[in-house]
Amino acid sequence: MSWSLRVDKPDTGESPFKHSLVTGAQEIPISSFADKTFTAPAQIRNFCIIAHIDHGKSTLADRMLQLTGVVDERSMRAQYLDRMDIERERGITIKAQNVRLSWSVTAGGTTENYVLHLIDTPGHVDFTYEVSRALEACEGAVLLVDAVQGIEAQTLANLYLALERDLTIIPVLNKIDLPAADPDRYAAEIAHIIGYESGDVLRVSGKTGEGVSDLLDEVVRRVPHPQGDPDAPTRAMIFDSVYDIYRGVVTYVRVVDGKISPRERIAMMSTGATYELLEVGIVSPEPKASAGLGVGEVGYLITGVKDVRQSKVGDTVTTVRYGATEPLTGYREPKPMVYSGLYPVDSSDYPSLRDALGKLQLNDAALTYEPETSVALGVGYRCGFLGLLHIDITRERLEREFDLDLISTSPNVVYRVVTEDNTEIVVTNPSDWPEGKIRTVYEPVVKITIIAPSEFIGTIMELCQSRRGELGGMDYLSPERVELRYIMPLGEIIFDFFDSLKSRTRGYASLDYEEAGEQEAQLVKVDILLQGEAVDAFSAIVHKDSASAYGNKMTNKLKELIPRQQFEVPVQAAIGSKVIARENIRAIRKDVLSKCYGGDITRKRKLLEKQKEGKKRMKTIGRVEVPQEAFVAALSADAAGDKDKK
């Protein structure tokens, strides 16, 4: 077991590098085999765990940390590798983590020491790119499946990513200690999908630790050791980078060829930028500085850079002297799929929102933002995200970590509009929609995979067809479970598709999607008019067939939310100049006759005529003030899938 003297750290999700800076509080580890770097590649095994949300991946990682002795009982806490509070609360992993473990295997009377690099990956569909680059750093993958729920759509998507990279798959059933577990049924299902025998599927319990040591033995036995040339020019792949307030950007790499040593000058091959290496180290599971990294090893680099975007995930690191000329394959820029406006409820918070987004972007290279102004909501930012969970988590982090009150507008996808004069416009916001004649509109489409009990096939097909989905194929994984594949517009699934799917299948269906290009579509922009004036925050781009339903829904909602005025206010939904829905907010009638106790009828008539004239004048010059609460209620109930209904 590795002991270390250090300041004991409270569970706050704070920087793991903080204490390594304070003199006297520096870690003094009593070394284990894994603390020495430049291990022979034959003694290294790099593997990751692929699992759906809530299938016990982080709990299994906890047991591995305890079994291999890198975390003592005193320091142990649940979900040790999930450092953010939000990761623990939601039970999801957002940032991939890695840890270096030592493990001994006794065979034929001799004991061999091995170094295992465990790379913990996110399970959610929005973070597929995070998963794909974590897989690049491995030779093997543990396919972890809940023995109560069986294999889910996102696990299947990540499994295919692993198979594309020729990773060795070790199938494992978790949670076998639960009374509702059905390991035999799901072992047969997994074996059917990946072409193994059901006897090859290991059975473990992350909670009790049963079967975990056998799993580590299997990792050593089945996963191939890393291949690479120690004498070739240095090439290392970045699979993650995080911003640390004490040390700047910490870049996690896997060395493919050559070696990395401290105080060398390194270069990023995608940008050509060069930096001096201040520190090279390993994570076990707290960071420890080392003498360098050799072939197949996983560790971190610190260069003192302050912006994560200069250390791009998937990029190749090489040395300036005798550097490599060919980068490793597979690098791509993460690009936003969904856009949404974020506005502070109190406009004086705008500078705080700008600073907060800047800090979040240090840790999240996929987040993009640019200033925008809305007549209704004031100044804010148009932000680009990977998907709905990404929006949700970013907004929650802004509200929690930076204490901001925000309104987010309905999410939008990126449309490509070609006008009559062949001008091409990229639209990420309804206010960018061109006026005048439009020749064609292209919208992004996705391939979606749904896995659900076979009894729900009818209701799922009905839902997908109502969202303009085209059936691509259907397979039975077992007599009870079916996989459906559809091509569907991304704009149709970013609202409330996932919630509708869950409610129609009693929560049993799981969903995964991936980009599949674009298609022509008959889309229109629906404006909501109050008193004849368009309110930009309520505009939306919808399909022609569902425009009138959207118009009716919004006009009804606003009729309830906007307070009555002294004059009648029409609430209209319009496509261009054509009104497609209308509701009236009735006027408040002030009783002008209350002071007349009797007397002549002409006196009363005169007062009523005067009131009528005043209302007429008010109607021509009066402006309708929409209260902030009405915006919040209309947008939050409309956007992101009616989350309040959950």
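A Cβ is built for glycine as well, from the same backbone N, Cα and C atoms used for every other residue.
As recorded in Swiss-Prot:
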BINDING   Asp54, His55, Gly56, Lys57, Ser58, Thr59, Asn174, Lys175, Ile176, Asp177  GTP binding site
DOMAIN    42-227  domain 'tr-type G'
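Largest CA to CA distance in the GTP binding set (Asp54, His55, Gly56, Lys57, Ser58, Thr59, Asn174, Lys175, Ile176, Asp177): 17 Å, whole number. A sphere of 10 angstroms centred on the C-beta of Ile176 (GTP binding site) encloses 21 other C-beta atoms. Sequence-distant neighbours of Asn174 (GTP binding site) (same chain, 6+ apart, CB under 8 A from its CB) are Ala51, His55, Gly56, Leu60, Leu144, Val145, Asp146, Ala147, Val204, Ser205, Gly206. Confidence over the domain 'tr-type G' (42-227), given as mean pLDDT on the 0 to 100 scale, stands at 76. Using a 10 Å radius centred on the Cβ of Ser58 (GTP binding site) and all shown protein chains, the other Cβ atoms total 24.
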